[in-house]
Protein chains: 2
Amino acid sequence: MESMMIYAPIVMAIVGLLFMAVKRSWVLKQNPGDGKMKEISDHIYEGALAFLNAEYRLLAVFVVIVSVALAVVSFVVPTTHILIVVAFIFGAIFSALAGNMGMKIATKTNVRTTQAARTSLPNALKVSFGGGTVMGLGVAGLAVLGLTSFFIFFFHYFMGGVWTNTMDMTIVLETLAGFSLGAESIALFARVGGGIYTKAADVGADLVGKVEAGIPEDDPRNPATIADNVGDNVGDVAGMGADLFGSYVATVLAAMVLGNYVIKDMGGAITDAFGGIGPILLPMAIAGVGIIISMIGTMLVKIKSNDAKEAQVMGALNIGNWVSIVLVAISCFVLVKWMLPETMNMSFFGEGLQEISSMRVFYATLVGLVVGAGISSVTEYYTGLGKSPILKIVQQSSTGAGTNIIAGLATGMISTFPSVLLFAGAIWASYAFAGFYGVALAASAMMATTAMQLAIDAFGPISDNAGGIAEMSEQEPIVRERTDILDSVGNTTAATGKGFAIASAALTSLALFAAYVTFTGIDGINIFKAPVLAMLFVGGMIPVVFSALAMNAVGKAAMQMVNEVRRQFREIPGIMEGTGKPEYDKCVAISTKASLREMLLPGIMTIGFPLVIAFVPMIFGMNNMAIAEMLGGYMAGVTVSGVLWAIFQNNAGGAWDNAKKSFEAGVLINGEMTYKGSDAHKAAVTGDTVGDPFKDTSGPSMNILIKLTCLIGLVIAPILGNHDSDVMAAESSSEEVYFIDADGNKTILTEKQIQYIETGSTIKEGEDLNNKTETMVEMLKNDKNDQVTANVTITRTVDGLETTETKTFTGSEEEVRAQLKDVDGVKIKIKDKE
Amino acid sequence: MESMMIYAPIVMAIVGLLFMAVKRSWVLKQNPGDGKMKEISDHIYEGALAFLNAEYRLLAVFVVIVSVALAVVSFVVPTTHILIVVAFIFGAIFSALAGNMGMKIATKTNVRTTQAARTSLPNALKVSFGGGTVMGLGVAGLAVLGLTSFFIFFFHYFMGGVWTNTMDMTIVLETLAGFSLGAESIALFARVGGGIYTKAADVGADLVGKVEAGIPEDDPRNPATIADNVGDNVGDVAGMGADLFGSYVATVLAAMVLGNYVIKDMGGAITDAFGGIGPILLPMAIAGVGIIISMIGTMLVKIKSNDAKEAQVMGALNIGNWVSIVLVAISCFVLVKWMLPETMNMSFFGEGLQEISSMRVFYATLVGLVVGAGISSVTEYYTGLGKSPILKIVQQSSTGAGTNIIAGLATGMISTFPSVLLFAGAIWASYAFAGFYGVALAASAMMATTAMQLAIDAFGPISDNAGGIAEMSEQEPIVRERTDILDSVGNTTAATGKGFAIASAALTSLALFAAYVTFTGIDGINIFKAPVLAMLFVGGMIPVVFSALAMNAVGKAAMQMVNEVRRQFREIPGIMEGTGKPEYDKCVAISTKASLREMLLPGIMTIGFPLVIAFVPMIFGMNNMAIAEMLGGYMAGVTVSGVLWAIFQNNAGGAWDNAKKSFEAGVLINGEMTYKGSDAHKAAVTGDTVGDPFKDTSGPSMNILIKLTCLIGLVIAPILGNHDSDVMAAESSSEEVYFIDADGNKTILTEKQIQYIETGSTIKEGEDLNNKTETMVEMLKNDKNDQVTANVTITRTVDGLETTETKTFTGSEEEVRAQLKDVDGVKIKIKDKE
């Protein structure tokens, strides 16, 4: 059974997808309500579809360009196989499929939730959470299915389906990285484009509709209202789906890469019941089991009472969530014990190889689960209604928008304190337990509940939409009340979901970063080297500028929207009286066009910078290892700064949002109850306007920025890395190897003799050599200046006469290795001792 | 003459201070105006003095605590000398003196500027810039005087005034670091405390006075108006002075440390006309010459026409500034050529020792000057009136405070792009030219014009105060018009001055960072090690949280001020009619108390975090080198993130300020001229409120945060470093070295034999040994896991019989070295090859 374990994740993914299909048909069978509701829902559905189609057309061009570039690279760099292009394209298609599928079900579920809310709250929750479940299982199922299938395919294609050596597996995983790159590229555009779309529509609808015309939110007379509701779907649903799809794939991939290095550290091969690839299969197995666990978790989410309030709904979601997390912990224990060798060797910096028991790997997965939960709690504290940070912002609103905004900014900034300490602790602890494999598995364990997280996340915008439809179709107030309860819970889950997303992105990036270092074969990333430090600065700046571009994009698009809505109010007769029909599609078109246009610059910056850092110095003839280290510094800068800015922006945005919401129930300021419409509330609304692009556009984009940066680094790694020269050497081992004796005669060595030399061994007396040759190479490395000295002693017995020659080579390691390729006609292979 | 060069900087500092004294007495001789003016000026002077006295009382406690801690350390750690305490105390006193002196002259000059403005604009500029000159020369003179004097003292105390070796010089410079630490600690509190003070008073005065009571700025009826004017002096004058005093000292110190390492790389001693310490003296010489050049520069600042406008005043300042920069470049060329050896050896990472010509050091200084000017230009572009970023913010003000704030934030964020690219280029280029010595000299060259920069900077708040006094003493409108011209130019120079301050702080930190790495003797800072990466994250978070604390402090203090001002308006009869006298001192007391209270937490965080990172792992027995690397990661995190947040906050704040100011002359929004009092202007005022703590409290504090963090690291370095173990080893070389023969007899080796073994050589036949012993040690280092393998071959001739034994030791380098101390009774000293 163990040997079939490689197929198990696929089976579990298919089970998840089947469950999804059943759930989907159940949701679609629900009553979609009457004429007006259906009409509005159709508008939203069509608007969302129009955006996605336009987006996919644009992305198709992007995919073609990148595919051609990858194909060129695969011809130039021998270790990069053309199949990476296929993997890339499928990664892109799968990601698009996941986003598309999620959005379709979300736009079908919203109206059915409104209809269900006409009967009862438990029904409304069942329908909206059902839609979320379809989305969550679909995304997770596709991710595991795609990644595992490609892994099996490449494993058979490159290795014949059996373990050969770690180098072949590296090629398998490098090719597989194309799948992840494809997924993450699409995610970038989906997140940024969706984020711009939703906020442009939201701000535009609010500024003219609510503020100027004085009509309520989601009023059907507002021309931008459909665009606003479409935005919820393309931003919060499709964007989030593509984001987590990318994280899921990248995390598992990084863990697999590091699993391969565990095998390398253990001598290049292990014997286990899983064909010798247990450490590589484990992350996929955890992901697969996570799908089944999420299925169970979603089934636990239900409420009974029709009079339930936010707390009960939140409680129901929490039960599902916590049960999933506990089940993942248990299954991690079982899987780790079952699939990993009892003890492993892992190399630690400065400490050499250490024996690591499988239990320590399990502890690392626990670290991931604890940190995931911890970050969510921190997020909830800083953005939750009724919590002290929010109350302070509310107080500061009494002296105007200025103090409200200072307080919100400060809250977001302070929230980095516990979050970063949690991260730093997680990095330290999971590494201490099980090296970078531990870091990657911590991320994998955290991501195992992705399906559940997404279900909880997606149910929020669905409920928000349901409320919008209730308003637009003029339902009884009780319907809106019920959807408002769900929406309010959805706002909290949106904030914690963002915490989860950034935590997973950060750990994933670290794992990718570790995989990058091992792929390139550099010793590490030494920021005391000036060019590396310079790139750390540049990397740190990228998330800041990226955020600014995203915010400006929202500003520009919102301005266009404002002008269009003003025009319609002015030019369409009877629009305010409800007799004239607003041109919803024009607003949808503006948001669509603007978001697609504005997402290009940040996208190009994200992809372009690492390429410039890698290839421009290469053109100027810089040493590849030095470039690899610089790129590593850049990646670290993007990751550290990106995590900080993600936490800052998400939490500041969430805090402003809920500070504004606090006024709905009334707040006590200087001993006076203050409500909506007060000056303090207006100040809070201004704060929320600032927070909108923070929390829905630039903040969440940080996740993808850091993941994509690290992935691009990983894909470039083989070009920079030194392991390709190893492979080159291996490929060229069929060349003639010979040495020249004192008389100038060449003698071709036999296969066995070549092997001897290649392993760095001395050719012993008695070997079938007409001349006995002893080669001894000592490599001495000076830590102070990185210079290497190689002493080569060649002892030959020529016609019975022993001669000894000693040669010394000094220089950088690369230079010395180059010179050692051929010493006096004897090819010398240096095998690094592990 | 050359041998007396060590005293030259002192002479130049004294010349500068004499010039200052002359200028000072000239300023004080100017007419201080009539009764009411003098009265107000006295209020400001007393308020400022009251704050400084309270601050110094608090800081005295701090200085005592740190002195005791340093004294304890100096007893525990053999390389740290008790004199560091003396240096620390004097550094603190000098810094306080510089701030105090600057503030006193500023508060005396303000009223004299008002009086001079009653006659003509050229006179007003002459007086206000005269005050700035006093401040600038005083700060720079004290810095060079203090640092040079202590260097000469320590040089004589530890080395007898002549070159011995680099290790002794390291002790001199480590002790000198105490001076810099003292200066920077005071600077931290002066900057943060002053920043909180000035903004609390400003916001408090504006919110109640301008907004609620509707009286103009600086109206004498406003109880907070004196506090507001005091704030300009304690924040913008004393804070900036202490900041640049600290930068100046730290830069020169770091360059001296790296100069010492140049000598080390050249074999531990050089022969030149400067007693063999040319590379160490050079940075002091540049600083000294910079004072003379700044004197010349200040003399060039004058205008002739009484009808001059901002452009002419700015032009006069620019002439002085640019002439200074060009003169510094010329003198750098002369000094470098004169004081440095024609070619030097410097070790570059991964490239070993390289020959560096002195011309390349000169190029590095040019890099510093270009980047200093470049950063100032970038700052001017993003914050300058009439420039496109400001115009965009103005446009966005038309849709409310929310969009104004988004635009301002985005402007600050985008401004990191050119700034960081400039930095990264500067790091790269100056390092490529002349290693880290080049980086430090780039910073030194940039800082050489500090006196000039400070003169330009200090003249702004003096003119601002002069305007305030004109308003409060109800002068003719022409007087206020003239001071307004100066004030407006002062706003621009304040922004570019902040650019200069952050650029210098960043380069200084890099130089300190490099000095730290060499002090601790670590190979570098490898962020691929998980604990180092974790600390990079933690370091990155500190500036963000620090900023938030500073912003919150302003909010809290401002709230108190608002309540007090409201109370006075309510309770003091006739205050609005001008018959009742406001209690200015109560407002001054609130600002004073609040700022001192609120500066503690950020201060403790800044000082505490590096100590915790260094000492907590030490308690748990962690390897010192690993801790040093972690602390290095932390320092890098603080520097990268601190630079980003400094640029972001300073430029966003400056941009909002000038966007608001744009309305005074009127701006064109959507084709309509819009002025003060419009809704768009109100939105811009809100933006400015957010920007105030950004640009005057948290933003400028970043400079000191990063410098102080790196300085604390430098002071801790000897405790962590391995160079003390070198010294210990050298000290213990008088111990008995022996070996035990096969019969167990100990034989004490002769001095010569010990030397043989110590150099790793084999003891040869014929040496005076009763048993010939050959020891061969090979150390092989595995790059992948940092494991070291030592093969020891001991060949002995015991009673004529040769025996050979081979032993292998594997483990971390430290372990192996420990085991090698005694192999079969033969002590083995391994001398690392350089």
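Glycine residues also receive a Cβ, built from the backbone N, Cα and C atoms like all the rest.
Predicted automatically and left uncurated, TrEMBL annotations should be read as such.
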Can you dig out which of the ranges A:423-444, A:599-620 TrEMBL describes as transmembrane segment?
A:599-620
Let me check one thing: do the transmembrane segment (A:531-551) and the transmembrane segment (A:319-340) come into contact, meaning three or more Cβ pairs under 8 Å with sequence separation of at least 6?
no
Any chance the transmembrane segment (A:275-299) and the transmembrane segment (A:599-620) have 3 or more Cβ pairs under 8 A, given the pairs are 6 or more apart in sequence?
no
List of residues, in chain order, with Cβ under 8 A from that of A:Ala494 (site 'Determinant of potassium dependence') and at least 6 apart:
A:Asp236, A:Asp457, A:Gly460, A:Pro461, A:Gly654
Contact set, same chain, for the transmembrane segment (A:245-263): CB under 8 Å, 6 or more residues outside the stretch:
91, 94-95, 98-99, 139-140, 142-144, 146-147, 151, 166, 169-170, 173, 176-177, 179-180, 183-184, 186-187, 269-270, 276-277, 279-284, 287, 344-346, 435-437, 439-441, 443-444, 447, 450, 501, 504-505, 507-508, 511-512, 514-515, 518-519, 703-704, 707-708, 710-711, 714
Please report, as numbers and ranges, the same-chain residues at least 6 past the borders of the transmembrane segment (A:361-385) whose CB is under 8 Å from any CB of it.
286, 325, 328-329, 332-333, 336-337, 340, 344, 411-412, 414-415, 418-419, 422-423, 425-426, 429-430, 433-434, 437-439, 441-446, 492, 495-496, 498-500, 502-504, 507, 650-651, 654-655, 657-658, 661-662
Hey, which bits of the same chain come close to the transmembrane segment (A:134-159), Cβ under 8 Å, at least six residues off its ends?
6-7, 9-10, 12-14, 16-17, 19-20, 23-24, 27, 81, 83, 87, 90-91, 94, 97-98, 101-102, 105-106, 109, 168-169, 171-172, 175-176, 179-180, 183, 237, 241, 244-245, 248-249, 252-253, 256, 284, 287-288, 290-291, 294-295, 298, 450-458
